[in-house]
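For reference, the structure is listed below as structure tokens.
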Amino acid sequence: MGRYSGKTCRLILMLVITVIFFVAEIVAGYMGNSIALVSDSFNMLSDILSLCVGLTAARVSRRAGSGRFTYGMGRAEVVGALANAVFLAALCFSVSMESLKRLALPQAIDDPPLVLIVGSLGLAVNVLGLVIFQDCSCCVRATRRNDAPVSREAEEDADLQQKKTRSDGPPLNIRGVCHVSLSLSAGVLLHVLNDALGSVVVVVASALFCVWPLAPESPCNWQCYVDPSLTLVMVVIIMSSAAPLVKETTGILLQMSPPDLPLTAVLDSVCSLPGVVSVHQAHVWEIAKGRSVASLHVRVSSDRDPALQTQIQQLFHGAGVHSVTVQLERADGEMSDTEANIS
């Protein structure tokens, strides 16, 4: 395969197929006057952006730190995911406005057979995506069970699948393939089911006009309301994926503490250590999902335990924070700086 592994080639193949069907769906949607098919094409566009972000960020985020980027490019994936989610939310707003307009001024689907065929093929693409991504995740799990070394390509494949499913599954730890493989399958399954549901909406709306065709001169009846109504349902489904992604990525960019970190409990544990007088200016933030950094000032007594620094490190290490900067301040006013990094 040259510079790409087999799994990466399958991901690129899925990207090409998705681009083709995105164009097919949006063209057929406007030709057939089906707002549901147009909405489903935007859902595929979300997949395209997710895969492109993953392909780019998987390589960029591994660049070593420099004088300007001291933490490296780990937040490239966060910025890309936020841009994807915001763009998708804007598309959903546009589609929802068009759907409300169709509810006020109902219109029939002009070419139900075309919409039905394209919608069915879109559903087949979603099933193909399920097979491809499930196969990739199974390969990763098999590699870890056999204790074989994980190649750079395998790690990138895991990152790509994680970018695509970040908002649908439980929080994923990007520090290693072995940590993401178990939750990966569930996340991919949920994402593909969301996409498949959108295609089912298109198939149902167009099938109604195929089974009960509406003559061109006939006025619109209840069938004309099915397409925009189901489109609004699709918008809710898509936004249920985009909204949590916006919340998560903005939280990282605003340097909020990790939501799964019991910071108060950790600081209470630090304060309870012998020799600790108080803790102040405690800060914890995420460079990327699963990569946290902490800094804090600890006022200590003169008879503090020499192992106090290690004890503080272990407390944060147990909470999942592996880069900790501790500034020790003596109660008599003297000060010493200590930086501790645990990998």
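Here the Cβ of each residue, glycine as well, is placed from N, Cα and C on the backbone.
Please treat TrEMBL annotations as automatic predictions, because they have not gone through curation.
Under the heading domain 'Cation efflux protein transmembrane', TrEMBL lists 11-254. Summarising the annotation, TrEMBL assigns domain 'Cation efflux protein cytoplasmic' to 259-330. What TrEMBL lists as transmembrane segment is 12-31, 37-58, 78-97, 113-133, 196-215, 227-246.
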Key: Tertiary contacts of the transmembrane segment (227-246), as residues 6+ beyond its ends and Cβ separation under 8 Å   = 34-36, 39-40, 42-43, 46, 81-82, 84-86, 88-89, 92, 95-96, 98-100, 102-103, 106, 109, 166-168, 191, 194, 197-198, 201, 204-205
Ask   = Of the listed stretches (12-31, 37-58, 78-97), which one yields the highest count of Cβ-Cβ distances below 8 Å with the transmembrane segment (113-133)?
value = 12-31
Remark   = Relative to the transmembrane segment (196-215), the stretch among 12-31, 37-58, 78-97 with the most Cβ pairs under 8 Å is 37-58
Message = Let me spell it out: take the transmembrane segment (12-31), skip the flanking residues so only those 6+ beyond its ends count, and list any with a Cβ under 8 Å from a Cβ in it.
response = 4, 37-42, 44-45, 47-48, 51-52, 55, 110-111, 114-115, 118-119, 121-122, 125, 128-129, 132-133
